[in-house]
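Beneath this line is the structure, given in structure tokens, with notes to follow.
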């Protein structure tokens, strides 16, 4: 069933808007690479256009120091303030920027306070020149500068009191100031006049200095408010990443939202500057956080949620049978990713557009009401930015979602993310009604405009003079009582004593640039950027860029189509032909998109209502310790049992393995090493974990495929068999096969079973050595043996106690129980019998003071090479022999009988004795034992004692007689790894699977004989290779890469 989409009424505004959005989104998503490329190129071109406009102005020689025209005093007066002092103001300074002329037509005593801002740490060498020359020529007088009057700590300030009528001449005189170095000088940077262009470096430099100046003279509360606004904006960005992470994207979707917003701002700025609307950089700096907080990122999140919800619903519909009368192709067509995004636009497109229209309308109203104000200009820019952002949301960002879903479909066909329809979307994870969202945004935008209209904060909305024509920062109105306090104090004292009414104009600090021999440093810095632009504008640069563009377009377009070709065949393979139903587990395999809060998932788990928990939620519960990693199988088995869906026990166990892999990959303490486990090449699917659970392995994360070969056939006791061998060592199976061939030529191998009894040796402690000796005598007595055997044999119908071997060490007593175990290897069986026998010994033997230290005291001796096993045997004691004709030795084994006999004596017997070997009188019996053990599901660790072997060879009548004696072969055909399907199949290959129908233990004994025969074949072939000198060549051919050839 297709997802239900609430369609607008035909002919209405909503219907027409939705229809238009569908067409736009469909076209963009069907050509994703083209859409992304066009958007990026448009934004980049606009950015370069704005950037290049400011740069080329400087490149054409319009920098202030490049002009030859006289200085314009009025340009330096921009941002100045005039204060008056006289009887009218009760001899207090009063700001009065209006021109004032005395009755006789002469101006009152009018001074100008000029501060020279010189870059550099020392200006002492220039002070004599300035103070002497200027005072004689112009009557200018140097006064003490006000502390912190320079905007930068590495600048120095000089303050002069100049008659206002001589200000023009003063500025001409101080245009160039010599430095302490002969070749260096400071050159005055005159401010731009209205309509004149500026350079990028000058714009950035002046903006930075002005920013420092404003920060230094701003109120603390203003700085705190701005800091809090930027902190809140950053929190909004962090919240965007958090929500997108909950939706299944850790980085790219949130980054794409920010990139789309940046593109919208650049394009909006380009349109604003094209319309000759000045951009107040200070107000832009202050207003962007409020714009981000007001608009937020809810609309991209809303569209993302809708797309993922529709995708999940269609994914569920794909797995359901096609209804009667419906076309399967139509069902598949509805799941094309562009159609998925169109269905999402049908759901949420109108509401997103309506929200955009409300915000743009509010900003447009602000631009209309304040056309000549900085607030109006900012509203103009913000309105265009939002309009372009809306266009990019349904083109650029929709294309990003399309590519994201395509990639997800490639990685996991049919699993593009799940959405829980029972949990509606909200603002950053909180449930909020859509009407509340609209009213809240409207009120926020209205409050934002109202706050700017009332100009509540003097720092935010301070009038800063006339605007620069190209939208750079306007000059700042100085604060005379902060920047010229010392100069005003000196003038105040003089005026008060003489009694003259005085006017003082405080100019903004004059900025200087340090030059060396007429060479300006800033010009050098700009030349690098100039070279880049010139290189890009050259024919070769344009050709390279165009070629890279074409190649990128073709390759990316091909990759997108290849992704679609890759996804659809897999989807068609999973479809059910002829309308038949498909059984799908209710627990989805894809990660949850609309995730629930942790408290809700924990409550579902505790209340046994966890059937709706998704894989991601279960992984998070594991990482938080709410589900133990080892109990995932039990948890999911319980969930499956209580689920209404037909989830089998095997499905639950397989899901447990998948979740454990993800949990291990995301464990913080090991993530740097294990993060790739979930997607690694370690397989986990298509395995019967029901057989593994509770029997073979815990904390399962998959299974290891091991190469399996067969040696033979080999005639063993008159029956021909292929011997399965699982190994990663080359030559081993080939060598054993050669040994089988040689043995078959002599009539095959003959085996003998010399003993069958598994052992367990507990350790007992007594109060004294005397009591331990008494216990030993009791155990070795007929009564003790009878009591222990009766208790032991009662625990199993196969376990029958054979012998008891006792050893004492001080107060410790060791009893070695030896017993038959049927077709099982018998470790668990004998442990249970020993436990019951010891209880009978304490109760009936009169040893209540006996204490069982451990059930296994290493007197067994299990999984360790020991003389007691070599001499007394453990498990099955087997001998295998064969006679190989001399001709076969020469033809097949490529050696002779005497050479083999001598090698065996010198290597396997004398050599092992020289090494002090214990049970290691063989060439490589362990190789064959381990390979057969792995293939047939035996305990690999018991290869230690099972491979104890002595190989003997003798020349009898010119033929070779070979035998292997293995006193402690520990094998079984039931229990342990033999229950696994693959290992059981190999036991079937040998005809020994499970328990023998009529003779308990016959299958296990038969398997021991086969292992001994395999060892016999391996020993024969390897010793022959050593005698003939072929071992190294064989390994280089079968187990090594080819050696490097040497040039002649």
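Along the chain as shown, the residues are counted starting at 1.
Each residue, glycine too, has its Cβ placed from N, Cα and C.
For the annotation N-linked glycosylation site, the record in Swiss-Prot points to 372 among the listed residues 372, 1039.
Topology check against Swiss-Prot: residue 15 and residue 375 fall in different compartments relative to the membrane. The feature transmembrane segment, as given by Swiss-Prot for the ranges 307-327, 328-348, 349-369, sits at 349-369.
From the options 146-166, 167-187, 188-208, 251-271, the stretch Swiss-Prot describes as transmembrane segment is 251-271.
Taking 234, 470 one by one, Swiss-Prot attaches N-linked glycosylation site to 470. Between the transmembrane segment (378-398) and the stretches 221-241, 251-271, 349-369, Cβ pairs under 8 Å are most numerous for 251-271. Across the topological domain 'Cytoplasmic' (242-250), DSSP assigns 5 helix, 0 strand, 4 coil. According to DSSP, residue 830 (NADP(+) binding site) is assigned to a helical segment. Outside the transmembrane segment (251-271) by six or more residues, the chain places 39-40, 42-43, 46-47, 49-50, 237, 240-241, 244-245, 279, 297, 300, 304, 381-382, 384-389, 392-393, 396-397, 400-401, 404 with a CB less than 8 A from a CB of the stretch. Between the listed binding-site residues, namely 796, 828, the fewest other CB atoms within 10 angstroms of a CB are found at 828. Counting only residues at least six positions away in the same chain, the Cβ atoms of 798, 972, 973, 974, 975, 1004 sit under 8 Å from the Cβ of residue 824 (NADP(+) binding site).
Each residue in the domain 'SSD' (222-403) has a pLDDT score, and their mean in this model is 74.
Applying an 8 A CB threshold to same-chain residues 6+ apart, the list for residue 830 (NADP(+) binding site) reads 758, 759, 760, 799, 817, 819, 821.
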